[in-house]
Each structure stands twice: as C-alpha cells, then as structure tokens.
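Participant: Handing you this structure, nothing more for now.
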There are 2 protein chains.
Amino acid sequence: MDQNKIPQATAKRLPLYYRFLNNLNQQGKRRVSSKELSEAVKVDSATIRRDFSYFGALGKKGYGYNVEYLLGFFRSTLDQHEVTEVALIGAGNLGTAFLKYSFLKNNNIRITKAFDADSSKVGKDIDGVPIFHVSDLEEELENIRVVILTVPASEAEEIAEKLVNLGVNGILNFTPARITVPSHVRVHHIDLAVELQSLVYFLKHYPLEKE
Amino acid sequence: MDQNKIPQATAKRLPLYYRFLNNLNQQGKRRVSSKELSEAVKVDSATIRRDFSYFGALGKKGYGYNVEYLLGFFRSTLDQHEVTEVALIGAGNLGTAFLKYSFLKNNNIRITKAFDADSSKVGKDIDGVPIFHVSDLEEELENIRVVILTVPASEAEEIAEKLVNLGVNGILNFTPARITVPSHVRVHHIDLAVELQSLVYFLKHYPLEKE
DNA sequence: AAAAAGTCGTGATGTTTTTCACAAATTAAT
DNA sequence: ATTAATTTGTGAAAAACATCACGACTTTTT
Ligand SMILES: NC(=O)c1ccc[n+]([C@@H]2O[C@H](COP(=O)([O-])OP(=O)(O)OC[C@H]3O[C@@H](n4cnc5c(N)ncnc54)[C@H](O)[C@@H]3O)[C@@H](O)[C@H]2O)c1
Ligand SMILES: NC(=O)c1ccc[n+]([C@@H]2O[C@H](COP(=O)([O-])OP(=O)(O)OC[C@H]3O[C@@H](n4cnc5c(N)ncnc54)[C@H](O)[C@@H]3O)[C@@H](O)[C@H]2O)c1
C-alpha cells in the first residue's frame with residue numbers, strides 16, 4: 001500500500017518525529033523549523049527535511065512547518081487514529097514491565113492479552129491485562145497481528161512458529177535467539193545484552209574527542 | 001586505541017557473533033563456516049566474512065573458522081576478560097527487570113549499583129544489587145563509566161548532566177527523552193515505544209511477499 | 001594422485017543513507 | 001519598499017554499508 005518508496009531509515013524515524021510534534025503541540029507551539037526539530041531529536045536538519053520531503057512539500061520556505069498540520073499528517077500516516085492491539089508472550093520480569101507501561105497515550109497501541117506457561121500466573125491480570133495460558137494461544141489470540149516476545153530464549157523458536165501459524169506477521173523479539181520465520185513475517189530484534197555490550201565496546205575503541 | 005577503522009555497523013554485530021561462538025563452543029563444535037554462522041545470526045555470509053576481515057585473516061580457505069580461536073580473539077577484542085561494572089538509575093518497572101537479569105555470564109557486565117529517588121526503595125537491594133538514593137550519586141558512583149538510564153523522561157536530562165559531570169561517558173538511555181551531552185559522551189537510545197510503533201508502521205506499509 | 005567440493009578474503013559493484021550547498025520562496029526588519 | 005534574515009526542498013556528492021563473484025587455497029572424495 002501507500003508509498004513503497006519511503007526509505008527504511010526514514011520510516012524508523014517517523015514515530016520519533018511524531019512524538020516530538022505532539023510535545024510541541026501540547027506546548028502550544030504553532031510553527032517549527034527543521035533546525036529546531038533537529039536539536040530536539042538529534043537528527044541532522046537536512047535529514048529531517050529529506051525525510052519529510054518523501055511525503056511531499058509539507059513545509060513553507062522561510063517559515064518552517066506548521067505543527068498542527070504536520071502532526072495531523074503524521075497521525076494518519078502512522079495510523080494513529082485507530083488503536084493497534086498487540087499481545088505479549090512471557091509475562092516474566094521484562095514482560096511485566098511492558099504490561100505496566102501504557103503505550104496508549106503516545107502510540108495508540110494497547111497490549112490486550114498476555115500469555116505465559118507458568119500456571120500460577122494464568123488467570124491473574126497485570127494492570128488490567130489478562131494472562132492466559134500459552135496453550136490457549138489458538139483460541140485467544142484471535143486477530144492480533146503483532147506480538148511482543150519476552151520468553152526465555154530456548155522457547156523463542158517454538159513459540160514464534162506457533163504465532164506465525166496463527167497469522168501473526170510482526171514480532172518484537174526481546175530474546176537473544178535469532179528466530180527463523182517465513183518471509184512474510186517481520187521480526188524486529190531488540191537485544192539488550194548486545195546493546196549494552198556494544199556500547200561498552202564503542203567506549204573502549206572509539207575514543208570520542210573532548211569537545 | 002585499536003583500529004579506528006572498524007565500521008560502526010560491524011562493531012554492533014560483534015557481540016552477536018561472540019554470543020553465537022560461545023554457544024557453538026559450548027556445544028563442542030570445533031569449526032564453523034561463514035555460511036553456518038550466517039544462518040544462525042541471520043546476517044549475510046559475505047557480510048560476516050567482511051566483518052571478520054577487518055580484524056585480519058581469521059579463517060582458513062576451504063576450512064572455515066576455528067571456533068575456539070575465533071572466540072578467544074573476540075573475547076579479547078570485546079574486553080571480555082574483565083568485568084565491566086555499570087550502574088542503573090531508576091529502579092522502576094523496567095529498571096527492576098534489568099536488575100534481575102544477569103549480564104555476567106554472557107557479557108561479563110555487572111550492574112553493581114542502582115539509584116532511585118524513591119526513599120522507600122533506598123537501602124534495599126534487588127537480586128543483590130544495592131539501591132542508593134540518587135542524591136548520593138556523587139559519593140557512590142565512583143569510577144563507573146557506563147550507566148543504564150531508566151528514569152521518567154522528565155528527569156532524564158537533569159540526571160544525564162549529573163552523570164556526565166561525574167565522569168560517565170556511556171549512557172544506555174531507555175527514556176523517550178533525547179538527551180543533550182558533550183561530544184565525548186556516547187548515548188545509545190533504546191526507544192521501546194518507537195520500536196513498537198515502527199514495527200506496526202512497517203507491517204501496514206511494507207507488505208511482505210508471501211514466500 | 002587427481003578431481004571435486006568447500007570456503008575464505010577481497011576487488012569491484014550496487015544500494016542505501018547522509019550530508020552539502022544553494023536557488024527559490026517567505027517572513028521580518030529597516 | 002527595500003533589504004536582510006530565514007528556511008524549505010532537492011540536485012549532486014559523499015559516506016556508509018551490503019552484496020556479488022571469483023581467485024586462491026584447503027579439505028574431502030574417488
Ligand atoms: N530482563 C532483562 O533485563 C533481559 C535482558 C536481556 C535479555 N532478556 C531476554 O528477555 C527474555 C525475557 O527475560 P525475563 O528476564 O523477563 O525472563 P523471565 O524468566 O523473568 O520471564 C520469562 C517468562 O516467560 C515464561 N515462559 C517460559 N516458557 C514459556 C512458554 N513456552 N510460553 C510462554 N511463556 C513462557 C516464564 O514463565 C516467565 O514468566 C529472555 O529471553 C531474556 O534472555 C531479558
Ligand atoms: N516500562 C516500559 O515498558 C517502558 C516502555 C517504553 C519506555 N519506557 C521508559 O523507560 C523509563 C522507565 O520506565 P518505567 O516503566 O520503569 O518507569 P517507572 O516509573 O516504573 O520507574 C521509574 C523509576 O525512576 C525513579 N525515579 C524518578 N525520578 C528519579 C530521579 N530523579 N532519580 C532517580 N530515580 C528516579 C522512580 O522512583 C521509579 O522507581 C521511562 O522513561 C519510560 O518512559 C518504559
């Protein structure tokens with residue numbers, strides 16, 4: 001659908017722009033330049049202008065961008081007018097933290113169901129999100145298309161396969177396992193240990209100049 | 001230090017390679033090809049060979065790579081022979097999940113101290129990590145150079161400034177705030193809401209072909 | 001011993017992403 | 001009105017990254 005020509009790097013920044021535009025709007029700001037936005041989101045101003053330009057001419061020369069207009073534009077581009085329902089598998093330490101966090105206000109995303117293999121957790125709820133047994137995935141998942149995966153790494157592959165069979169096509173994978181999925185399924189890996197370790201590596205091997 | 005010429009994209013993959021090599025080694029595997037590794041970590045085999053080649057000729061034509069040798073090489077490249085101590089600021093939902101997770105075995109990283117503003121948490125410990133009051137940062141932070149930041153977004157900027165003044169030069173920032181730091185400080189943002197939202201965006205706008 | 005199969009390292013090429021730099025347009029100041 | 005200051009949108013260039021494809025070498029098979 002839409003424009004298949006929006007670069008992936010651009011697409012990844014859209015939610016970021018959206019959030020800052022929301023902030024600006026709430027602060028009552030009417031206009032904003034790519035330079036200001038650049039300072040706020042730490043993305044080069046030329047990159048921001050380029051990003052926006054893929055969607056047409058959203059700004060005005062000499063003026064900048066109208067906050068309200070831009071916000072509205074991105075709201076619909078990001079489908080923020082409707083709630084996206086997602087499920088979470090693995091209500092452990094990390095999973096619980098996500099369940100307690102609301103993605104609704106800023107992202108219009110709601111975790112509506114959680115699943116776990118631990119029967120002592122099943123039947124309870126965390127911040128209003130009911131926890132089902134993972135064996136009930138088939139009956140309970142319904143038409144949810146996006147899943148947050150926070151199970152132990154050893155379970156990841158097996159669960160992922162089940163999810164795919166149930167029609168899931170997006171997985172946000174927090175396990176260290178690199179799961180194998182058919183090409184029509186999109187997996188984003190967030191590998192916290194790798195992030196931490198690579199930060200440490202950069203610090204030791206890429207000394208940054210002082211000022 | 002070392003080679004300033006290792007591409008950032010390569011550097012980010014090193015911890016991933018390291019983890020899989022560890023797995024292979026524990027499984028008793030003696031050799032591995034870039035093709036096998038590629039299937040495991042989902043990175044093109046040419047990319048893997050290119051990545052490795054920045055460090056010299058680590059493999060042998062017709063044979064592949066010796067697991068133990070490669071593992072040893074990356075262990076020292078990633079400074080895995082010594083424990084890296086990090087601190088965590090904000091022992092809330094997300095912070096607690098991190099405190100309960102051990103980065104020691106696979107990454108040789110240990111969270112040794114946590115800080116929070118909530119005095120009901122101060123003095124306790126989570127899985128052996130003591131929680132101090134954030135006002136004691138100066139006395140307690142000592143020579144810790146890397147910090148995981150899991151405070152509310154509104155606090156991020158102020159805390160970050162304090163951290164920088166205390167000599168921190170690496171921040172893993174989980175808050176949605178894009179913090180401003182001097183150029184000698186490295187910040188890696190992990191923006192969970194953005195990750196989730198961009199996954200949703202990709203699914204709606206980049207339909208993947210079925211097989 | 002020779003042939004076949006496997007695999008690395010890398011020059012060359014292709015792709016994606018970022019950045020520069022400036023004409024064109026608008027706004028603000030004098 | 002005129003001039004100065006802003007700021008966009010984008011062609012062009014640069015930088016970063018990924019992939020192809022093959023010679024060289026090793027291992028395995030026959
Ligand atoms: N917590 C962290 O800071 C952290 C850091 C890096 C990586 N991770 C990764 O994130 C994942 C989750 O970590 P965690 O700390 O929350 O672990 P955890 O053990 O606290 O939680 C895992 C949860 O999954 C449930 N579970 C186990 N098997 C299941 C199955 N087959 N189906 C459904 N649920 C099942 C368990 O009952 C548990 O509630 C792990 O893969 C871990 O490696 C976590
Ligand atoms: N939990 C999630 O799933 C999630 C998702 C996306 C983003 N985030 C971001 O991660 C951060 C942490 O989220 P959370 O859910 O753990 O929040 P939380 O409210 O549970 O935890 C924040 C902790 O920081 C402490 N704190 C407050 N002010 C402080 C200060 N000045 N110094 C030190 N500690 C202070 C609080 O006492 C609390 O313990 C937030 O910025 C949030 O936006 C969290």
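Glycine is treated like the rest: Cβ placed from N, Cα and C.
Nobody curates TrEMBL annotations by hand; they come from automatic prediction.
Got these off TrEMBL a minute ago, pasting:
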DNA_BIND  A:16-55  DNA-binding region
DOMAIN    A:79-178  domain 'CoA-binding'
BINDING   A:Gly90, A:Ala91, A:Gly92, A:Asn93, A:Leu94, A:Gly95  NAD(+) binding site
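Help me picture these features in the structure, burial and contacts included.
Facilitator: The average pLDDT computed for the DNA-binding region (A:16-55) is 96.
Counting only residues at least six positions away in the same chain, the Cβ atoms of A:Asp116, A:Thr150, A:Val151, A:Pro152 sit under 8 Å from the Cβ of A:Gly92 (NAD(+) binding site).
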Participant: If we take A:Gly90, A:Ala91, A:Asn93, A:Leu94 as the binding-site residues, which have a Cβ under 8 Å from chain B?
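Facilitator: Cβ contacts with chain B under 8 Å: A:Asn93, A:Leu94.
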Participant: Please give me the CB contact count at 10 A for A:Gly90 (NAD(+) binding site), counting all chains in the structure.
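Facilitator: A 10 Å sphere around the Cβ of A:Gly90 (NAD(+) binding site) contains 25 other Cβ atoms.
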Participant: Please determine which of the binding-site residues listed here (A:Ala91, A:Asn93, A:Leu94) has the lowest count of neighbouring CB atoms within 10 Å.
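Facilitator: Counting other Cβ atoms within 10 Å of each of the binding-site residues A:Ala91, A:Asn93, A:Leu94 gives the minimum at A:Asn93.
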